[in-house]
Amino acid sequence: MAGGSFATDSVAKERAQQYKGRVTLYVIITCIVAATGGSLFGYDIGISGGVTSMDDFLQKFFPDVYKQKMHAHENNYCKFNSQALAAFTSSLYIAGLVASLIASPVTRKYGRRMSIICGGMSFLIGSALNAAAANLVMLIIGRIMLGVGIGFGNQAVPLYLSEMAPTHLRGGLNMMFQVATTFGIFTANMVNYGTQNIKPWGWRLSLGLAAVPALLMTGGGICLPDTPNSLVNRGLTEKARKLLEKIRGTDDVDAEFQDMVDASELASSIKHPFRNILEKRYRPELVMAIFMPTFQILTGINSILFYAPVLFQTMGFGRAASLYSSALTGGVLASSTFISIATVDRLGRRPLLISGGIQMITCQVIVAIILGVKFGDNRELSKGFSILVVVVICLFVLAFGWSWGPLGWTVPSEIFPLEIRSAGQSITVSVNLLFTFIIAQAFLSLLCSFKFGIFLFFAGWITIMTLFVSVFLPETKGIPIEEMTFMWRRHWFWKRVLPAAA
């Protein structure tokens, strides 16, 4: 039931209409710098697929896959099927999953800024190990260190952006993380395109250049302030008040600051946030923390981004053509995110998620039909159908880029009350990395088994997630981050699930 005094919620009453302030240059700069953490995630997604399609890399670390690849037309769908090769890509994400759980208490006790610094330094170490790798063990250890960096970065950066941004621009500024991610993917694709002909060490350059986003993230973390919410939560209320006045450009921040203090008082009384998030009063947040990242990965986007060069070579594209096509999809993804930034705080989250889902379903089905009819063992696609496949995949990536790509991170990061915020974000990141690991490890085998049906497999999941959003996700546009609790109590379904307000 709605109404009453919310003694068990983050804030006692809604003060959104009393929030003052404007968009300051300071808050925009801090959000842009913090968002560079997303470039780590993006660079790795983009670099892995290109490197695993390079002959010099395969000959050194995966000679069996290289021999298999040479039999290009014996079984087009299975020529890259190798669990060891998949492990190179996926090992990073299982390490990230574990790291995100460790990052949660670090983020809560020492601030968002400290997690950003830890993530950047770990990624820097991993990039050095990968560039200098002399054997497969060294290569995998480097990947694990990269995973630790991503676990910390993905835990802290979305929270940082949500807490620093003013309510009416939170969606757009939060999406700076996705912009950085897509820019990292596109940059990695262009790096792979440039290093493919540098023999025999081009792959080392591709992997080593991951140090660039790592340096940006580490340097940014050192220079940035922490968020007012985090400072209040750690007892630094005077410092938090001064920072809030600075980022809002006004001294009249009483309402917003009081919301932070109220939320912090409740957060301080909760010693076990992971245990508390299982309580019935946090059921909507827990459901979204699990299902939003799960569905984001089950769109199939990471399969296309991880293995784009491999996927295009499977379809009969040459090595250079496959890298060029994957660079094109990376460019489309990077540019499409700006559509979401321009519209998310005007149209809302739900319309973008639903429209993007419908377009992705259509594209997956079209690709499946083309491959099912025109492609198979000992057959390559004609030039015309190859171009059509690339165009349709680009349309799929475009739809993901304005919908589930950025919003799969934005929605979870803005819905948690302060007392469970670090735990909730940790669950979101862990679930995302778990399913990223599963899909990365299984995709080459699924492609071999399902053939063109792999696209129908993902289309089915997108149908389910589009229905899920339309039924269970309320609109979060324009709602202050500390007052999300009221939103759930107004939703037709969740108000029946939540316990009565005290």
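Just so it is clear, glycine is given a Cβ too, placed from its N, Cα and C backbone atoms.
Caution: TrEMBL annotation is automatic and unverified by curators.
Source: prediction; values computed, not measured.
Database features (TrEMBL):
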type	residues	note
TRANSMEM	23-43	transmembrane segment
DOMAIN	30-477	domain 'Major facilitator superfamily (MFS) profile'
TRANSMEM	84-103	transmembrane segment
TRANSMEM	115-134	transmembrane segment
TRANSMEM	173-191	transmembrane segment
TRANSMEM	203-224	transmembrane segment
TRANSMEM	286-310	transmembrane segment
TRANSMEM	322-344	transmembrane segment
TRANSMEM	351-373	transmembrane segment
TRANSMEM	385-405	transmembrane segment
TRANSMEM	426-446	transmembrane segment
TRANSMEM	452-473	transmembrane segment
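Across the domain 'Major facilitator superfamily (MFS) profile' (30-477), the model assigns an average pLDDT of 85. Contacts between the transmembrane segment (203-224) and the transmembrane segment (286-310): absent, as fewer than 3 C-beta pairs lie under 8 angstroms at sequence separation of six or more. Count of Cβ pairs under 8 Å against the transmembrane segment (426-446): among 115-134, 322-344, 452-473, the largest is for 452-473. With a cut-off of 8 Å between Cβ atoms, the residues of this chain six or more beyond the transmembrane segment (322-344) that come close are 46, 49-50, 53, 171-172, 175, 178-179, 182-183, 185-186, 188-190, 192-193, 196, 304-305, 308-313, 352, 390, 393-394, 397-403, 405-407, 410, 477. For the transmembrane segment (23-43), the residues of the chain that approach it from at least six positions outside its boundaries are 116, 119-120, 123, 146, 149-150, 153-154, 156-157, 160-161, 164-166, 169, 173, 176-188, 209-210, 213-214, 216-217, 220, 223-225, 246-249, judged by C-beta separation under 8 angstroms. The stretch with the most CB contacts under 8 Å to the transmembrane segment (173-191), chosen from 286-310, 351-373, 385-405, 452-473, is 385-405.
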